[in-house]
Amino acid sequence: MAGTKDYVNTQVGRNRDQIEFHIREILKLIGENVEREGLLETPARVTRMYEEIFAGYEVDPRDVLGVTFDEQHEELVIVKDIVYYSQCEHHMAPFFGKVHIGYIPSGKIAGLSKLARLVEAVSRRLQVQERITSQVADILEEVLKPHGVMVVVEGEHLCMCARGVKKPGSKTVTSAVRGQFRQSAALRSEFLELLNR
Ligand SMILES: Nc1nc2c(ncn2[C@@H]2O[C@H](COP(=O)(O)OP(=O)(O)OP(=O)(O)O)[C@@H](O)[C@H]2O)c(=O)[nH]1
Ligand SMILES: [Zn+2]
């Protein structure tokens, strides 16, 4: 089910009436007129948006890597520029950017799309960037048992751009290294060099 197909947060669907009610109440509390035309459908639209942006709760990210292939390619595999959109758990404000994944298989490879699906499953939740980074690395390590994994995540956080400290354009970069990448500076450099091509 959720591991391979597009999916939505079904709990949001089940709680649709209550979520719409509370969104409407928040609109009133910030001083809006919920009867004006532009806002009439807004609680329903926000609820539908929650079904999408919180779809990650619907799936165990490990299941996303359910389909793997036996293959004796024990060299670096990189999938870079996987775009993600997430919501910071401190402000419920969007953050987004790119995930770059490198791993050295040890007899088992993942379908390339499954790496992007793994990113979707961990990012479509309330998150912090560091946890997206370590979860992608840990799950790949657990399921594929590769010789090594390295994950680099770039993110722009609206809670830092549009409010608070207001620093638009600032980028946060996080990385997680496992296995051979931890031991070998040369391997980390090879990965980073290939990312910058
Ligand atoms: N480490 C980390 N911090 C994040 C992430 N997303 C948001 N934050 C930070 O979470 C922190 C929450 O700090 P608080 O002091 O509790 O909240 P705040 O008063 O709204 O803080 P300011 O943003 O500084 O105005 C802020 O420093 C945010 O920049 C993330 O993905 N990782
Ligand atoms: Zn935030």
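Note: Cβ is positioned from N, Cα and C throughout, glycine not excepted.
As given in TrEMBL:
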| type | residues | note |
| --- | --- | --- |
| DOMAIN | 20-195 | domain 'GTP cyclohydrolase I' |
| BINDING | CYS88, HIS91, CYS159 | Zn(2+) binding site |
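The structure, with features from TrEMBL marked on it.
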residue: CYS88; record: Zn(2+) binding site; Cβ neighbours (10 Å): 18
residue: HIS91; record: Zn(2+) binding site; Cβ neighbours (10 Å): 16
residue: CYS159; record: Zn(2+) binding site; Cβ neighbours (10 Å): 16
Using the centroid of the Cβ atoms of CYS88, HIS91, CYS159 as reference, list every other same-chain residue with Cβ within 8 Å of it (recorded Zn(2+) site), in sequence order.
GLN87, GLU89, HIS90, MET92, ALA93, PHE95, HIS157, LEU158, MET160
Which secondary structure state does DSSP assign to HIS91 (Zn(2+) binding site), in the simple three-class scheme?
coil
Mean pLDDT, the domain 'GTP cyclohydrolase I' (20-195)?
96
Taking DSSP three-state, what's CYS159 (Zn(2+) binding site) in: helix, strand or coil?
helix
